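Asker: Copying in the features that TrEMBL gives for the protein in this structure:
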- SER16, ASP19, ARG46: substrate binding site (BINDING)
- 8-159: domain 'PurE' (DOMAIN)
Amino acid sequence: MSTPSAAPLVGVIMGSSSDWDVMQHAVAMLKEFGVPHEAKVISAHRMPDQMFAYAEAARGRGLRAIIAGAGGAAHLPGMVAAKTIVPVLGVPVPSKYLRGEDSLLSIVQMPKGIPVSTFAIGEAGAANAALTAIAILATTDDQLAARLQEFRARQTQAAMDMALPT
Ligand SMILES: Nc1c(C(=O)O)ncn1[C@@H]1O[C@H](COP(=O)(O)O)[C@@H](O)[C@H]1O
């Protein structure tokens, strides 16, 4: 589909560098599929002006999906979604005191009209957000669609090959 140096199609943003342990799983999946992407720390709380600028420029820069991860009072995905029509995929990052249940509820309970597609808490959510971004791109990219089908087939085979210690 694209060379790694091509303009990013997917933006991966997170509220803090402390979210990287989780969000790296989204980046790893995008890399595995060869999808041009960028990864940045953007915080609605700590850098609201930069967050607005990022969201406002996203569509014009060619981003087709934004994966936004945050923990605790996780307003980043919703606020980005408020400022762009690029699909926003929200990843709840596990928090220190409430295990990410606060992150999940902060992201998922959006008011009607401003959607954030919300994923599971943690690593699986980050990986699945990337797979959804890839699926969005695959609607107009047959090569990427074929790679996604192969990924699914490998996963099915791995499940069928699972053995139990009997
Ligand atoms: N939820 C947000 C936002 C935001 O939503 O704008 N900005 C930072 N944070 C979150 O604060 C947590 C703690 O951040 P620090 O580790 O930097 O103190 C992180 O999980 C981050 O996503």
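Positions of Cβ are set from backbone N, Cα and C atoms, glycine also.
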Asker: Around the substrate site recorded as SER16, ASP19, ARG46, what other same-chain residues have a C-beta within 8 angstroms of the site's C-beta center?
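Answerer: Other same-chain residues near the substrate site: MET14, GLY15, SER17, SER18, VAL41, SER43, ALA70, GLY71.
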Asker: Can you see whether DSSP assigns ASP19 (substrate binding site) to helix, strand or coil?
Answerer: helix
Asker: Can you count the other CB atoms that lie within 10 A of the CB of ASP19 (substrate binding site)?
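Answerer: I count 24 other Cβ atoms within 10 Å of it.
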Asker: Which residues in the same chain, at least 6 apart in sequence, have a Cβ under 8 Å from the Cβ of SER16 (substrate binding site)?
Answerer: VAL41, SER43, ALA70, GLY71
Asker: The domain 'PurE' (8-159): mean pLDDT?
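Answerer: Summing pLDDT over the domain 'PurE' (8-159) and dividing by its length gives 98.
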